[in-house]
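A.B. asks: One structure, as structure tokens, below. Some questions next.
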Ligand code: NG1
Ligand code: ZN
């Protein structure tokens with residue numbers, strides 16, 4: 001044990017913390033300019049090793065800053081079943097990250113004591129990274145941290161975030177979830193996709209064609225690996241594959257969702273079915289342009305609607321009584337919530353922003369479909385739900401319709417990466433559903449019409465002055481802000497607006513929706529002004545959009 005700590009001391013001096021630097025383990029781990037992260041990475045290697053001893057399981061560490069600019073990077077820990085790190089350990093992560101160099105050993109020992117960690121136990125950490133130029137040395141710093149505390153490591157190199165989550169879950173379920181290799185991932189998902197596709201009636205090559213914007217990130221090369229298993233059932237053209245353009249620059253799911261326009265670098269014709277991944281391929285949005293050149297976005301809400309409709313129909317056909325729910329955040333378009341509740345009659349839950357909140361809420365149902373409007377999401381099946389589906393799929397004394405539905409459900413379970421939102425897995429599921437239902441992207445889009453909406457950012461001196469309640473839909477401080485928002489919302493038809501401090505950027509986010517784009521834009525602007533005035537705005541007041 002003493003020796004181990006000696007190594008920590010020696011190695012940590014190679015990854016020194018800039019004095020005074022304070023960073024927070026936020027909604028998506030640590031995320032900031034890559035230059036500030038070397039010591040964080042080393043320390044997260046240490047922490048993951050402790051977490052592995054504590055849980056007696058393999059832990060994951062992913063080096064990525066997702067949809068942030070190329071200059072940024074970040075890191076997040078993955079818990080044993082592939083889920084996000086538990087909250088108490090997020091606090092340990094923040095403490096360890098902010099401890100000055102000379103206090104590092106004391107901070108480590110503090111965690112070891114508090115959690116009664118047996119340092120004699122073995123530890124194993126899986127490490128992955130995205131394609132950022134800083135990721136290679138930063139992931140090496142993570143590995144240094146793991147080794148300094150005597151942990152074993154497996155470096156998966158370049159993988160998508162959801163692939164690393166998948167590996168961790170496979171390892172800890174001793175292969176029950178699948179094989180903990182990229183090849184195992186590709187073959188599990190593609191086999192399920194091919195089985196689902198058999199239920200589609202004959203499709204032309206055009207109908208099988210999908211245009212994918214890889215955000216110039218890791219999603220593009222990883223999609224190519226999957227594609228080689230798809231036996232041409234899906235014909236993919238990949239744009240922004242990283243060979244030329246800059247990561248997330250004018251492309252990727254976040255750009256397309258927030259700007260509400262197609263990415264640059266994609267040559268598409270009216271009606272072509274397109275989708276965009278984000279930089280680490282855990283988000284996906286779809287879109288097309290119509291013959292008049294108008295852009296149509298199919299975001300996480302439309303994806304959740306398509307998937308939950310499909311699953312609900314299969315449950316009815318299979319005669320399975322399982323409770324299905326859709327989990328959203330306040331950013332979900334009001335039309336989607338209304339459609340799901342009133343027309344589809346499914347349970348809808350609203351949680352705070354951040355995947356872990358959605359994930360936990362979804363776990364409360366037999367089938368929990370969760371999606372953020374930005375396209376991050378997946379489907380969770382309870383153990384009971386999976387068992388009932390398996391049993392029915394095996395049974396011999398049921399009619400053809402029930403059998404077909406049970407097999408479809410079984411393959412749906414297998415195509416989904418239940419550990420976390422996964423652009424590749426979501427894409428395969430969506431493509432299979434469209435094929436089975438014989439649906440075009442336009443028909444999918446027509447299920448309901450989005451309310452026009454606008455997202456804006458306001459810079460304030462301290463965004464923590466904004467505190468919220470009711471799943472972030474109402475602000476409780478600063479005084480007067482919520483009253484101001486309520487007053488503004490009343491001026492517009494079908495309007496809704498809320499504000500919250502971002503967990504990944506130093507800004508306050510403003511969201512507004514209304515019956516027309518002009519109204520949504522005007523409301524978003526007026527609410528931004530209220531935030532600037534009442535919550536300590538920095539710089540010039542926000543200008544109107546038009
Ligand atoms: P913040 O910056 O807290 O709004 C953003 C996204 C989240 C989530 C995280 C993590 C929006 C409005 N917010 O969080 O949904 O995806 O990043 O990546 O899209
Ligand atoms: Zn991401």
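Please read every residue number as a count from 1 along the shown chain.
Placed from the backbone N, Cα and C atoms, the Cβ positions cover glycine too.
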A.B. asks: Among 52, 66, 497, 502, which residue does TrEMBL name as a further Mg(2+) binder in the site formed by 278, 280, 282?
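C.D. replies: Site partner of 278, 280, 282 for Mg(2+), according to TrEMBL: 66.
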A.B. asks: Establish whether the number of Cβ pairs under 8 Å between the domain 'Phosphoacetylglucosamine mutase AMG1' (207-285) and the domain 'Alpha-D-phosphohexomutase C-terminal' (476-528) reaches at least three, counting only pairs separated by 6 or more residues.
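C.D. replies: No, the domain 'Phosphoacetylglucosamine mutase AMG1' (207-285) does not contact the domain 'Alpha-D-phosphohexomutase C-terminal' (476-528).
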A.B. asks: Taking the residues 372, 373, 374, 500, 501, 502, 503, 504, 509 listed for substrate, what is the greatest CA to CA distance in Å, to the nearest whole number?
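C.D. replies: The widest Cα-Cα gap among those binding residues is 17 Å.
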A.B. asks: From 278, 374, 509, which binding-site residues have a C-beta atom under 6 Å away from some atom of ligand 2?
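C.D. replies: Passing the 6 Å Cβ check against ligand 2: 278.
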A.B. asks: In Å, rounded, how far does the Cα of residue 280 (Mg(2+) binding site) sit from the Cα of residue 374 (substrate binding site)?
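C.D. replies: That separation, Cα to Cα, works out to 14 Å.
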A.B. asks: Considering only the binding-site residues 280, 372, 374, 501, 503, which possess a Cβ situated under 6 angstroms from at least one atom of ligand 1?
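C.D. replies: Near ligand 1, sequence order: 372, 374, 503.
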